[in-house]
Amino acid sequence: MELPLSQAQFSGTFLMLAVSNMLLWEKVSSIPACLAEEGGCWNPIVETFNSAMQRGETLRNLADQLYTELYHNQFSSEQFLALNSKLIRRDKTAVRAGTYCHSTLSNSPDGETKHADVETEKYLKMLINFVGAWISPLYHLVIELSAMQDVPETILSKAKDIEENKRELLDDLKWILTKVYPTAEMKEEFPSWEHLSFLKSSNKDSKFLAMFNLSKCIYNETYYILFYLRTLKCHITGKDC
């Protein structure tokens with residue numbers, strides 16, 4: 001039976017709407033998990049990056065405070081000023097402790113490269129190993145400080161807070177990796193810290209040499225962490241570029 005023209009047009013329009021809705025549904029269902037909220041969309045990956053960056057800011061402030069405290073508190077100021085003086089005189093041991101950090105970072109991922117996504121995955125893994133490199137040294141720092149006499153609570157509490165924030169930042173980065181690259185294989189390669197034996201030594205000067213190295217490295221490297229977090233957030237989420 002031939003349909004009247006108006007009815008045929010209506011049926012055709014209905015079919016087009018149905019197909020359009022189906023395609024729209026397929027497109028929406030392919031978008032990564034994003035929870036609808038009033039005023040926009042809540043993206044867990046973006047929020048985890050925001051959380052990681054907030055921890056990075058906290059680490060920078062804590063590292064700055066610990067660094068300053070160790071230089072000016074009576075507990076450690078004499079040893080730190082002596083080490084700084086040796087550093088200026090180019091004493092080999094002091095130069096090594098004052099300028100060398102066992103964790104290193106390469107250049108940031110290049111967004112113009114043909115394999116930008118591969119590069120981004122690579123640098124996310126590298127940042128995980130970079131942050132993870134300080135988990136063990138900070139753990140031992142807290143243990144050794146807790147066992148030393150006359151340790152100011154301000155120094156011990158900051159060391160504990162830095163360790164806690166490092167662990168939480170590492171958890172954030174690992175979570176991002178599993179969500180953005182679910183099939184990625186992550187091999188944790190945390191380099192050993194050469195000053196660990198100094199920190200665990202019964203010799204007080206050796207302990208302070210290790211703290212001199214750790215505090216300088218933690219202080220300087222928080223800036224790199226924040227830079228890499230911003231770069232990776234831009235590459236992965238397209239936000240805050």
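Glycine is treated like the rest: Cβ placed from N, Cα and C.
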Swiss-Prot annotation, disulfide partner among Cys34, Cys217, Cys234 for Cys101: Cys217
Cys217 (disulfide bond) versus Cys234 (disulfide bond) - Cα distance in angstrom: 26
Conformational class of Cys217 (disulfide bond) under the three-state DSSP mapping: helix
Spatial neighbours, same chain, of Asn213 (N-linked glycosylation site) - Cβ under 8 Å, 6+ residues apart: Arg96, Ala97, Gly98, Tyr100, Cys101, His195
Alpha-carbon distance [Asn220 (N-linked glycosylation site); Cys241 (disulfide bond)] in Å: 24
C-beta crowding around Asn220 (N-linked glycosylation site), within 10 angstroms: 13
